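According to Swiss-Prot, the transmembrane segment annotation covers 19-39, 52-72, 88-108, 120-140, 161-181, 198-218, 275-295, 323-343, 353-373, 382-402, 522-542.
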Amino acid sequence: MIQRLWASRLLRHRKAQLLLVNLLTFGLEVCLAAGITYVPPLLLEVGVEEKFMTMVLGIGPVLGLVSVPLLGSASDQWRGRYGRRRPFIWALSLGVLLSLFLIPRAGWLAGLLYPDTRPLELALLILGVGLLDFCGQVCFTPLEALLSDLFRDPDHCRQAFSVYAFMISLGGCLGYLLPAIDWDTSVLAPYLGTQEECLFGLLTLIFLICMAATLFVTEEAVLGPPEPAEGLLVSAVSRRCCPCHVGLAFRNLGTLFPRLQQLCCRMPRTLRRLFVAELCSWMALMTFTLFYTDFVGEGLYQGVPRAEPGTEARRHYDEGIRMGSLGLFLQCAISLVFSLVMDRLVQKFGTRSVYLASVMTFPVAAAATCLSHSVVVVTASAALTGFTFSALQILPYTLASLYHREKQVFLPKYRGDAGGSSGEDSQTTSFLPGPKPGALFPNGHVGSGSSGILAPPPALCGASACDVSMRVVVGEPPEARVVTGRGICLDLAILDSAFLLSQVAPSLFMGSIVQLSHSVTAYMVSAAGLGLVAIYFATQVVFDKNDLAKYSV
C-alpha cells in the first residue's frame with residue numbers, strides 16, 4: 001500500500017508529468033521522421049509513378065491544414081472523465097498505429113482480401129501513408145495544449161516547451177537513423193521479417209510505449225458549462241445529433257475559407273514579407289528533405305526501386321536509401337546543435353546576418369548535391385542544410401514577436417486591433433498566453449532575445465487564449481459572427497501554415513518535373529532554384545526600424 005502511494009505521488013510530480021507527456025512527442029517524431037525517409041522509396045517499389053508518389057505525400061499536409069483549427073476548437077469544448085486533450089490524442093494515436101500496421105503489410109492484406117492484389121495493395125499503402133502523415137502531424141496540437149494545461153506558470157511553461165522541443169529533435173534523430181540500419185541482417189530479422197517489417201515493428205513498439213505513458217498523465221478537471229465557442233466549432237445544438245443542426249453546421253463550415261482569406265488579405269506588410277520569405281525557404285528545404293533518399297538511391301547509387309529483390313540494381317537502391325537516411329540524420333543532428341547556439345550567434349552577428357546566412361547556405365548545399373557524385377560530399381551537404389532548418393524554426397518567430405511588441409512601429413495600420421489581448425481563459429487553455437521576450441512560444445519557438453531547441457512547427461494553432469481573433473461560430477447566423485483585433489497567435493498560425501503549404505506544393509509538381517526531365521537530379525535542382533528565390537525574399541524581410549523606410553513599408 002505504501003509503495004503504491006509512493007508510486008502515485010512520484011507519477012504526479014511535475015517533472016514526471018512533463019516526461020510522460022513528452023514521451024509521446026518523442027514517439028510521434030520518430031514515426032514521422034522514419035516515414036519521411038522510407039515511404040517514398042516504398043511507393044516507388046510497388047509501382048507508383050513519380051508524379052503520383054509526390055501527390056500521395058501531399059495528402060496528410062492538406063488534410064492537416066484544414067482540420068487542425070477544427071480539432072483545436074473541438075478539444076477546447078470537450079467534456080469527459082479523461083480530460084479535454086487525451087481523447088483526441090488517443091484517437092489520433094490509434095490512426096498512427098493503424099498506419100504503422102498497414103504500410104509494411106499492404107501486400108499481405110491485399111492478398112487475403114482480393115485475388116488481384118496490386119490495386120488493393122496500392123490503395124492500402126496510400127491509406128497508410130496518408131494516415132501516418134495526417135494523424136502524426138495533427139496530434140502535436142492537443143499535445144501542446146495538454147502541456148499548456150498542465151504547466152500554466154510562466155517559468156514552468158518555458159521549461160515544459162523546452163523539453164518538448166528537445167524531445168522532437170531527439171525523436172527526429174532516431175527516426176532518421178533507424179532506416180539507415182540494414183535490418184535484414186540483424187538479429188531481429190528471423191522474428192520480425194523483412195527490412196520493412198523490422199523497421200515498422202520497432203516503430204510500433206516505440207510508439208506503443210510512448211502512447212501508454214499518457215495513461216498516467218493527470219489532466220485538470222474542467223468544471224462548469226462549456227465556454228463560448230471560439231475559432232471553429234460546432235455549437236451546442238449539434239451535440240444533440242439533430243440532422244437539421246448537423247446540416248447547418250456543415251453548411252456553415254464553408255465560411256472557414258472566406259474568413260481565412262479575409263484575415264490573410266488584412267495581414268500587415270511586415271508580416272506578409274516574413275511569410276513569403278519563410279514559405280519560399282520551407283519549400284526549398286522540404287523539396288530537398290522529402291526526396292533526398294530517393295535521389296541518393298536512384299541518382300547517386302544508380303539503383304532501381306522497381307527491380308526484383310535480390311538483384312544488383314535493387315541492392316544498390318537499398319544501400320542508397322540507407323545512406324540517404326544517414327544524411328537526414330546528420331541534418332537533424334546539426335540543426336539541434338545550431339539551435340543550442342542560435343542565441344549566441346544572434347547576439348554576436350545580429351538576426352539579419354544569421355537569417356540571411358542560413359538561407360544562403362541552402363542553395364550552396366543543394367547545388368553541391370546536384371554536381372557531386374561523391375557520397376561523402378552529398379552527405380556533408382545534407383548535414384549542412386541543418387543550419388537552415390534550425391534558423392527557420394526560430395528566427396521568423398522571434399521577428400513576429402518583435403513586431404507585436406512594438407506594434408506602433410512595425411504594425412501602424414493594424415486594422416481592428418483591440419489592444420492586442422483578448423483575455424485569458426478562465427479554464428485551462430490550449431496554448432500559452434501572449435509570449436514575452438525570451439519566452440518559448442507554445443510551438444517550441446522562442447521570443448525575442450532567446451533561442452530554443454529545434455522543434456518542427458505544428459500546422460496551425462487551434463482555439464486558444466493567446467489573442468486569437470478569428471471568431472467564427474458554426475451554427476450561428478451570419479450576423480452573429482464577428483472578427484475583433486488580430487493577435488500574435490493568429491499571425492504565428494499563419495507563419496506556421498507555411499510549413500504545411502511547403503509540403504503541398506512540391507507534392508503536386510515535383511513528380512511531373514522528374515518525369516519530364518527523366519532524372520531524379522531534378523529534385524535537387526528544383527530545391528536549389530527555390531533556395532535562390534528564397535534568398536531574394538529573405539532580403540526583403542523587415543529586421544529593424546531602419547528597414548521600414550528602406551522598403552517603404
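The first residue you see is number 1, and the count goes up from there.
Glycine is treated like the rest: Cβ placed from N, Cα and C.
The model shown is predicted, which means the values in this text are computed figures rather than measured ones.
Among the recorded stretches 19-39, 161-181, 323-343, 382-402, the one sharing the largest number of Cβ pairs closer than 8 Å with the transmembrane segment (88-108) is 19-39. The recorded stretches the transmembrane segment (323-343) and the transmembrane segment (19-39) share 3+ CB pairs below 8 A when only pairs 6 or more apart in sequence are counted, and are therefore in contact. Counting residues 6+ beyond its ends, the transmembrane segment (120-140) has Cβ neighbours under 8 Å at 24-25, 28, 31-32, 35, 39, 42-43, 46-48, 56-57, 59-61, 63-64, 67-68, 71, 88-89, 92-93, 95-96, 98-103, 106-107, 109-110, 113-114, 458-459, 500 in the same chain. Only pairs six or more apart in sequence are counted, and the transmembrane segment (198-218) with the transmembrane segment (382-402) gives fewer than three Cβ pairs under 8 Å, not enough to call it a contact. The largest share of C-beta pairs under 8 angstroms with the transmembrane segment (161-181) comes from 19-39, of the ranges 19-39, 52-72, 275-295, 353-373. Packing against the transmembrane segment (353-373) from elsewhere in the chain are residues 277, 281, 284-285, 288, 295, 300, 342, 345-346, 381-382, 384-385, 387-388, 390-392, 395, 521, 524-525, 527-529, 531-532, 534-535, 538-539, 541, 543: each is 6 or more residues past its ends and has a CB under 8 Å from a CB in it.
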